[in-house]
Amino acid sequence: MRLREPLLSGSAAMPGASLQRACRLLVAVCALHLGVTLVYYLAGRDLSRLPQLVGVSTPLQGGSNSAAAIGQSSGELRTGGARPPPPLGASSQPRPGGDSSPVVDSGPGPASNLTSVPVPHTTALSLPACPEESPLLVGPMLIEFNMPVDLELVAKQNPNVKMGGRYAPRDCVSPHKVAIIIPFRNRQEHLKYWLYYLHPVLQRQQLDYGIYVINQAGDTIFNRAKLLNVGFQEALKDYDYTCFVFSDVDLIPMNDHNAYRCFSQPRHISVAMDKFGFSLPYVQYFGGVSALSKQQFLTINGFPNNYWGWGGEDDDIFNRLVFRGMSISRPNAVVGRCRMIRHSRDKKNEPNPQRFDRIAHTKETMLSDGLNSLTYQVLDVQRYPLYTQITVDIGTPS
């Protein structure tokens with residue numbers, strides 16, 4: 001019998017070769033799937049980072065270092081030729097608690113302040129927390145008031161301060177979200193000096209801060225404490241501030257270790273003014289510059305609204321704090337030194353003849369005179385490169 005010849009190459013061998021190619025393809029697909037899964041895992045399950053990990057350019061990267069496109073590590077998105085979003089806190093809607101006028105963002109300033117906006121808050125979470133004591137502090141400073149101040153130049157010297165006077169550290173997350181409230185009327189030259197000196201100090205202190213100048217409209221008698229209440233209410237409409245520094249416009253610290261932030265107890269900052277021979281005039285003194293946390297401020301029902309004219313409201317505030325079981329913390333007299341810009345008494349800010357009687361009744365009046373009785377009307381909001389000015393009608397003495 002003739003034996004059948006074994007199968008040689010030809011059509012009968014094709015099924016084995018096809019199977020081999022199919023197996024190779026399956027292995028390649030599995031390897032690709034495993035690679036994509038690994039990259040996805042390394043990206044922290046954030047698909048937006050996949051192009052960076054695999055070396056593909058994105059519109060923000062532009063084929064170069066991504067830090068340059070997002071303002072290095074500043075947490076600010078440079079928008080290039082695109083029309084920028086509104087500055088921080090800007091809105092075309094009426095401001096709550098005010099009139100129907102829209103919020104207006106205007107004022108001169110460098111273009112860099114107009115073409116950059118903060119990145120989403122989630123980006124800041126990747127930054128480390130700022131240290132308890134800033135390494136940028138320099139200590140004692142020479143404070144002089146004998147040179148003119150140009151606010152456009154001040155803005156250029158502080159390029160990281162954003163429209164409306166907002167700033168946050170570039171390379172760490174500050175635990176101190178501070179609104180600085182300045183009661184104001186007809187003190188433009190003093191405000192220039194304040195902005196010139198304080199913006200660098202506040203940045204070296206690594207604060208997340210905003211500057212609010214609360215301008216009393218009209219020529220009725222001045223009411224400092226009521227303007228501070230207004231500043232508290234209005235600042236919270238912009239940002240989740242947790243600390244409030246209340247500062248007269250004519251006081252400048254002489255040492256940047258004097259922290260413009262809040263502590264476990266209410267803080268008196270201007271403890272050694274040149275006006276008083278660099279000493280505390282009396283133990284209960286709480287005037288000039290002070291800081292209260294949001295909770296501390298709410299606990300005392302804010303500040304009194306019925307102190308029209310000069311004097312008395314600081315002592316009323318001190319009484320409120322004591323009646324709520326709080327004590328005053330202060331820096332030492334060396335760190336707490338401040339200089340006052342000399343000036344004559346403002347018109348419509350004469351001494352309040354009722355102040356001593358009102359101070360004597362703080363315990364009875366603090367429950368009904370404060371945030372819960374505050375009335376005012378916002379007339380205008382202007383956001384300048386170095387500060388936000390809110391002009392308000394706070395009424396007249398009843």
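From the backbone N, Cα and C atoms, a Cβ is placed for every residue, glycine too.
Matching Swiss-Prot disulfide entries to the candidates Cys243, Cys338 identifies the partner of Cys262 as Cys243. Of the residues Arg339, Arg342, Arg355, Arg358, Swiss-Prot puts just one in the N-acetyl-D-glucosamine site with Gly312, Glu313, Asp314, Asp315: Arg355.
Between Cys172 and the candidates Cys30, Cys130, Swiss-Prot records the disulphide bond with Cys130.
Distance between Cα atoms for Glu313 (N-acetyl-D-glucosamine binding site) and Val249 (UDP-alpha-D-galactose binding site): 17 Å, as a whole number. The Cα of Val249 (UDP-alpha-D-galactose binding site) lies closest to that of Asp314, out of the binding-site residues Gly312, Asp314, Asp315, Arg355. Taking the C-alpha positions, the distance from Arg185 (UDP-alpha-D-galactose binding site) to Asp315 (N-acetyl-D-glucosamine binding site) comes to 22 Å. Geometry remark: Arg187 (UDP-alpha-D-galactose binding site) versus Asp314 (N-acetyl-D-glucosamine binding site), CA distance 21 Å.
Spread of the N-acetyl-D-glucosamine binding residues is 10 Å (greatest Cα-Cα distance among Gly312, Glu313, Asp314, Asp315, Arg355). The residues near the N-acetyl-D-glucosamine site, meaning same-chain residues not in Gly312, Glu313, Asp314, Asp315, Arg355 whose C-beta sits within 8 angstroms of the mean position of the site's C-beta atoms, are Ala225, Tyr307, Gly311, Asp316, Ile317, Asn352, Arg358, Ile359, in sequence order. Using a 10 Å Cβ-Cβ cutoff, Gly312 (N-acetyl-D-glucosamine binding site) registers 23 neighbours.
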